[in-house]
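**Q** According to Swiss-Prot:
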type     : residues                                                               : note
ACT_SITE : LYS98                                                                  : active site, proton acceptor
BINDING  : LYS147, LYS173, ASP174, ASP175, GLU176, HIS264, GLY337, GLY359, GLY360 : substrate binding site
BINDING  : LYS173, ASP175, GLU176                                                 : Mg(2+) binding site
MOD_RES  : LYS173                                                                 : N6-carboxylysine
Amino acid sequence: MSQVIATYLIHDEKDLEKKAEGIALGLTVGSWTDLPLLEQEQLRKHKGVVVSVQELEENERANRYFGKRLKRGIVRIAYPSLNFSADIPALLTTVFGKLSLDGEVRLLDLTFSDEWKRKFPGPRFGIDEIRKKLDVYERPLLMSIFKGMIGRDLTYLSEQLKQQALGGVDLVKDDEILFENELTPFEKRITAGKAVLNEVYEKTGKRTLYAVNLTGKTFELKEKAKRAVELGADVLLFNVFAYGLDVLQGLREDDEITIPIMAHPAFSGALTPSEFYGIKASLLLGKLLRLVGADFVLFPSPYGSVALDKEEALGIAAELTNDKEPFKRSFPVPSAGIHPGLVPLLFRDFGIDSIVNAGGGIHGHPDGAAGGGRAFRAAIDAALAGKSLHEAARENEALRKAIDLWGAVEVTS
């Protein structure tokens, strides 16, 4: 029988076995031992089952936080798939709906049967197809971000885009807070961006993709996305957690929306940071986003300005790129506070199949965005060649200026 197994971290004063059994029954058939035998037989296939309870050592920091001594443990519960439809809202409401309001419980992971996975699309393009679009195969990709666009017009956008592309970046994305507005409306951003990037391509022979921010009311998104495709948009940036995972899946599954989708983590910080509550980042930003169809996933790096715990960040990347899953791999995009001096760390931890994403690290370069792009490309080349950044900087002025400004982290093998 197909099932979904949920893994939780639970803190509780009670016996953890009883707590787990209460969850398994409460989120499925409601009660068991007081049911007549005939009803038990009828409901058995719907009953949640405790798979395991692993009691952990007490955590003094947790006890101080809660102001009392609590037992803690890892609990795994199997939910029969026939209890809920094969969609994310039904899944999350079952395994962590009212349970998320009931005590000290954190959802760590979900394990799906192969049958259940087949109900979901995964990325339309994934890492390999995006590399084909760019004709870049043997290095991490480089992405930059529009900055300071609120209150600016299309002329400013076009020039900023041009400078970023001339610096050698592979992708440029809108700021996630750039919404529909009179100065840079959605459709005109696409057409202006396309003109600029075609001009740069004719000059340099290098392709750059532009991720335009898809925003607006939920039930208008599909038509807006289809219009973007008609206008020649390259990629859709999407603030998925402001809308819901199911909305991203709906965009992915529409056969008229034939361009990659880039998932931004905005608002996910309301769900993931606590070690006692919420959802583990590797599940929310990794496994689930890949399941519903994100081609790229942004998340905080372990060493930038909005740092995520290293284990959590690596866990997200692992879920996005695990080649044992039946889906195409999603591009991990560790972000926030990235400058050229951090490239050796990014390369060591996330490897070739990742994207180096920078905003201020591009635009804040002494030679502007084009210089920032050149500095990053030199840093990436150095990491690939096993050269130190300081050694590479002796041969590249843009990288030298970046290191003088931000410093550099050298990684020893």
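Glycine too: its Cβ is placed from the backbone N, Cα and C atoms.
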**Q** Could you list the residues of the same chain, at least six apart in sequence, whose Cβ is under 8 A from the Cβ of GLU176 (substrate binding site)?
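**A** Looking at Cβ-Cβ distances below 8 Å from GLU176 (substrate binding site), excluding near sequence neighbours, one finds ASN213, LEU237, ASN239, HIS264, ALA266.
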**Q** Just counting, how many other CB atoms are there within 10 A of the CB of ASP174 (substrate binding site)?
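**A** Its Cβ shell of radius 10 Å holds 26 other Cβ atoms.
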**Q** I need the nearest neighbour of LYS147 (substrate binding site) among the recorded positions LYS98, LYS173, ASP175, using C-alpha distances.
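**A** Checking each of LYS98, LYS173, ASP175 against LYS147 (substrate binding site), the shortest Cα distance is to ASP175.
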**Q** Beyond the listed site residues LYS173, ASP175, GLU176, identify every same-chain residue whose Cβ lies within 8 Å of the center of their Cβ atoms for the Mg(2+) site.
**A** ILE145, PHE146, ASP174, ILE177, LEU178, ALA211, ASN213, LEU237, HIS264
**Q** If you count CB neighbours within 10 Å, which one among the recorded positions LYS98, LYS173 has the smallest count?
**A** LYS98
**Q** For GLY360 (substrate binding site), which DSSP three-state class applies?
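**A** In three-state terms, GLY360 (substrate binding site) counts as helix.
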**Q** If you compare CA-to-CA distances from ASP175 (Mg(2+) binding site) to each of the recorded positions LYS98, GLY337, GLY360, which comes out shortest?
**A** GLY360
**Q** How big is the Cα-to-Cα gap, in Å, between LYS173 (Mg(2+) binding site) and GLY337 (substrate binding site)?
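**A** Per the Cα atoms, LYS173 (Mg(2+) binding site) and GLY337 (substrate binding site) stand 16 Å apart.
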**Q** If one measures from the C-alpha of GLY337 (substrate binding site) to the C-alpha of LYS98 (active site, proton acceptor), what distance in angstrom results, rounded to a whole number?
**A** 36
**Q** Ten-angstrom check, please: count other Cβ atoms within 10 Å of the Cβ of LYS147 (substrate binding site), all chains counted.
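**A** That number is 15.
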**Q** If you skip the near sequence neighbours and keep only those at least six away, which residues in the chain come within under 8 angstroms of GLY360 (substrate binding site), Cβ to Cβ?
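**A** Counting only residues 6 or more apart in sequence, the Cβ neighbours of GLY360 (substrate binding site) under 8 Å are LYS147, GLY337, HIS339.
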**Q** Count the Cβ atoms, other than its own, that fall within 10 Å of the Cβ of GLY337 (substrate binding site), considering every protein chain shown.
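**A** I count 17 other Cβ atoms within 10 Å of it.
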**Q** Looking only at DSSP and grouping its letters into three states, which state does LYS98 (active site, proton acceptor) belong to?
**A** helix
**Q** Would you mind reading off the Cα separation of LYS98 (active site, proton acceptor) from ASP174 (substrate binding site), to the nearest angstrom?
**A** 36
